[in-house]
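Record features (Swiss-Prot):
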type	residues	note
BINDING	G61, T62, P63, G64, A65, G66, K67, S68	ATP binding site
Amino acid sequence: MINEATLAESIRRLRQGERATLAQAMTLVESRHPRHQALSTQLLDAIMPYCGNTLRLGVTGTPGAGKSTFLEAFGMLLIREGLKVAVIAVDPSSPVTGGSILGDKTRMNDLARAEAAFIRPVPSSGHLGGASQRARELMLLCEAAGYDVVIVETVGVGQSETEVARMVDCFISLQIAGGGDDLQGIKKGLMEVADLIVINKDDGDNHTNVAIARHMYESALHILRRKYDEWQPRVLTCSALEKRGIDEIWHAIIDFKTALTASGRLQQVRQQQSVEWLRKQTEEEVLNHLFANEDFDRYYRQTLLAVKNNTLSPRTGLRQLSEFIQTQYFD
């Protein structure tokens, strides 16, 4: 485990790409222990000058879309191109069972064994915001360790897609063709943040369905307002199982990066993502401090009970809580 005495040496080893040190650094960053948090802050501050040159990708898709098969085929393609690949799997655990929704890395056997690849799951335990914060910090560790491409994976449920879209350069929505109702299976909000839509499982007897789905998605994307002036989102097809179409996806990602880099938009997006991340973390930290105050916590619970019992309107409850905070902290 990394400690105060070994921090400088651990940073050196991390910069050299040592996998064991990277895993230890991730464990440190994930820890909620106050001493570990202070140490991980020093670690993250120290590696920031070495971050920013990595291509950040997000991949989402509903269960059954073949994400693990796709990521294995895609990751192995990148490795053959001479690149180092890290996969961070943000896992919004089931709110009912607490179990994992994402498959584990044993479904990516070849990629998991590859020396040029690193796979790390990030379970959320029902709190996606915390998981996305950790994923962002783990992504920075991978960048400092010299990985050329970092892929953040999540399932297409809840707010997981938009959370991931806010931390990556290029966001890919993995879909499968159905019986003509494909657009019902992808939310408008997701289409608005997707830079590429990839229809997987273009194999067997599914070619006609895939062609129909591709046309539907392309038509819908042309109606929606573009996310970037520099880029018209593309719809591509592939068979991850047969490893067909994977190289075309990589070429499209390169086209995307080239277009946004040339205009300066990519740098602007990353800067805005950092600002939004700081704002969100500030809000969470302020709330944590508020609820650590026993007087506020008690008053909040009383207000909440009154709102539940319809003896107080939510607007009045908000005003009273605001006045309480003003009195306690600002007067």
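Heads up, the Cβ atoms here are built off N, Cα and C, so glycines get one too.
Not measured: the values here are computed from a predicted model.
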Measure from the Cβ of T62 (ATP binding site) and count the other Cβ atoms within 10 Å, all protein chains considered.
15
Tell me whether S68 (ATP binding site) sits in a helix, a strand or coil according to DSSP.
helix
Among all protein chains shown, how many Cβ atoms are found within 10 Å of the Cβ of G64 (ATP binding site), not counting that one?
9
For the binding-site residues listed here, G61, P63, G66, which shows the highest count of neighbouring CB atoms within 10 A?
G61
